[in-house]
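Database features, via Swiss-Prot:
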type	residues	note
ACT_SITE	Cys381	active site, nucleophile
ACT_SITE	His507	active site
ACT_SITE	Glu509	active site
BINDING	Ser13, Lys188, Thr189, Lys190, Pro191, Thr192, Gln193, Lys224	UTP binding site
BINDING	Ser13, Asp148, Ile149, Glu150, Lys188, Thr189, Lys190, Pro191, Thr192, Gln193, Lys224	CTP binding site
BINDING	Ser14, Ile15, Gly16, Lys17, Gly18, Ile19, Asp71	ATP binding site
BINDING	Tyr54, Gly354, Leu382, Gly383, Met384, Gln385, Glu405, Arg462	L-glutamine binding site
BINDING	Asp71, Glu141	Mg(2+) binding site
DOMAIN	292-534	domain 'Glutamine amidotransferase type-1'
REGION	1-267	region 'Amidoligase domain'
Amino acid sequence: MTKFVFVTGGVVSSIGKGIVAASLGCLFKSRNYSVSILKLDPYINVDPGTMSPYQHGEVFVTDDGAETDLDLGHYERFTDTPMSRLNSVTTGSIYQAVLNKERRGAYMGGTVQVIPHITNEIKERIHRVARNTNPDIVITEIGGTVGDIESLPFLEAIRQFRKDVGRNNVLYMHVTLIPWIPAAREMKTKPTQHSVKELRSIGIQPDVLVCRCDRPLKEGMKEKLSEFCDVPVESVITAQDASSIYEVPLVVEKEGLAQQTLELLHLEPRKPDLSQWQTLIQRMQAPKRHIEVALVGKYVQLSDAYLSVVESLVHAGIATDSEVKLRWVSAEDIENYGADKYLNDVSGIIVPGGFGIRGVDGKVRAIEYARKEKIPFLGLCLGMQCAVIEWGRNVAGLNSANSAEFEPETTNPVINLLPEQQDVVDLGGTMRLGLYPCRITPDTLAASLYRQEVIYERHRHRYEFNNAYRNSLLETGYKVSGTSPDGRLVEIIEFSDHPFFIATQFHPEFKSRPNCAHPLFLGFVKAAIEQTKSD
């Protein structure tokens, strides 16, 4: 039977529940247990697809086209297991499902209430993951902080879950903060005690405490937490701050987190194989070189808006024994002060995705600078569209070249709305989303990087290259190096007279892994290394 681990968080938000859940999944997989990880988000949006990156951070896209929380990216990267729309649940999606059932008469005229209807729907979503993927263990992260009113239906649902499936099949894990108080020169357990008290008042007794702290948790402190929180001392786990999130699995493995969890779930405590993980950490901690690349974006004030891009560069750095330093550059600053001020000494320029006209001219200028100065360039989604706009304006002589998204009446819409998007009215979940095949053109940079004839990448867009301009593009030194299998949609472009200039309509960052860097990011970082040598 599938076992269930529920991860809650206390004291403060952004405590790191997602990294703890992902790390636990990594440790289970290292013991040959199959794992699926589910995120329950308490916000009323149906999904984060229409939320501002400043509000929510990155929207992570799964193979099946779900727009999900960025934590699903951590789950995939740490466990090397693809997630799906089943792994992302919000309060909004729960209420939507319940209200749809009510409209269909599924409740036979009964009064629809939070208990049992909402809680039953939540439990059904957890069971659905177990049924559809049949893992040994389902880890469920409950978003928010214990004590928040928004999380109460989820907490009530997981309280009931232990009774439904049996005590030995469920484990409650609480991630909490043990702060260091400089004035007192000691760590304090009181916030954790109160957080556990709040959880117990709901009817949930945590089995394991994962204690976030910036220094080691002394044995006496663990015993105190054990005493006041009614948790065995061996189940009080120190999760000390690490220099990289990829160190966390090794940190909590040393503390015995996976071993203790498996024992409490009555599963065989197998010996882990973490050799590959240890090797990548060693390579990360001892880079042979340092390079700096610029990320020119619209949302650079919040790095989480580009989380998968950042992590993909980390992965490529590991693969090349390099530390990739990021220079965050606002596209609007380039509009105001010029590209040279921000980009003249970087070894690579990456322009990621985004929506809306703000900052687009700055991105176009950054791409022009990369092209003219022969600086390695990688464009992603909107980054490719901006590369096409830059080509139109500065290479093809189409001064009015633009995207129909930004200027619907432009006389040169080099980027146009996909035909299937013409009659779409709703914004949420209606883009070209998820995994699609792409045929690679032989004898191109893309072909040398992928070394495959057909690849599969994840998309999230409404607009696409306008084929009316394809011949003009090809006549000016550019190549279409990737298309949809029928040749209709342009998915990759590159510029031949350049050390490394490639842009994609899809989002390769969603498929990069710490132990398997994505070919495009790997090629980009290698080109940036060569650029550093030439400088």
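Keep in mind that glycine also has a Cβ here, set from the backbone N, Cα and C atoms.
Every protein chain shown contributes to the tally, and the Cβ of Lys224 (UTP binding site) ends up with 16 other Cβ atoms within 10 Å. Here the candidates are the recorded positions Ile149, Lys190, His507, Glu509. The one whose C-alpha lies nearest to that of Met384 (L-glutamine binding site) is His507.
On the backbone, the CA of Arg462 (L-glutamine binding site) and the CA of Ile19 (ATP binding site) stand 32 Å apart.
Taking the C-alpha atom of Ser13 (UTP binding site) as reference, the shortest distance to any of the recorded positions Asp71, Cys381, Leu382, His507, Glu509 belongs to Asp71. Note on proximity: among Tyr54, Gly354, Cys381, Leu382, the recorded positions of the record, the Cα nearest Thr189 (UTP binding site) is that of Tyr54. Across the residues annotated as binding L-glutamine (Tyr54, Gly354, Leu382, Gly383, Met384, Gln385, Glu405, Arg462), the two Cα atoms farthest apart lie 23 Å from each other. Cα spacing between Ile19 (ATP binding site) and Glu141 (Mg(2+) binding site): 10 Å, rounded to the nearest whole number. Taking a C-beta cut-off of under 8 Å and a sequence gap of six or more, Gln193 (UTP binding site) has these contacts in its own chain: Leu225, Phe228, Cys229. Cys381 (active site, nucleophile) is 48 Å away from Lys190 (UTP binding site) when you measure Cα to Cα. Note: the Cα of Leu382 (L-glutamine binding site) and the Cα of Ile15 (ATP binding site) are spaced 32 Å from each other. DSSP classifies Glu141 (Mg(2+) binding site) as strand under the three-state reduction. Not a single one of the binding-site residues Gly18, Glu141, Ile149, Thr192 has a C-alpha within 10 angstroms of the C-alpha of His507 (active site).
Remark: of the binding-site residues Ser13, Thr189, Thr192, Gln385, the most isolated position is Ser13 (fewest other Cβ atoms within 10 Å of its Cβ). Within 10 Å (C-alpha to C-alpha) of Cys381 (active site, nucleophile) lie the following recorded positions from Ser14, Gly18, Thr192, Lys224, Gly354, Glu509: Gly354. Reported as a whole number, the C-alpha separation between Gly16 (ATP binding site) and Pro191 (UTP binding site) equals 16 Å.
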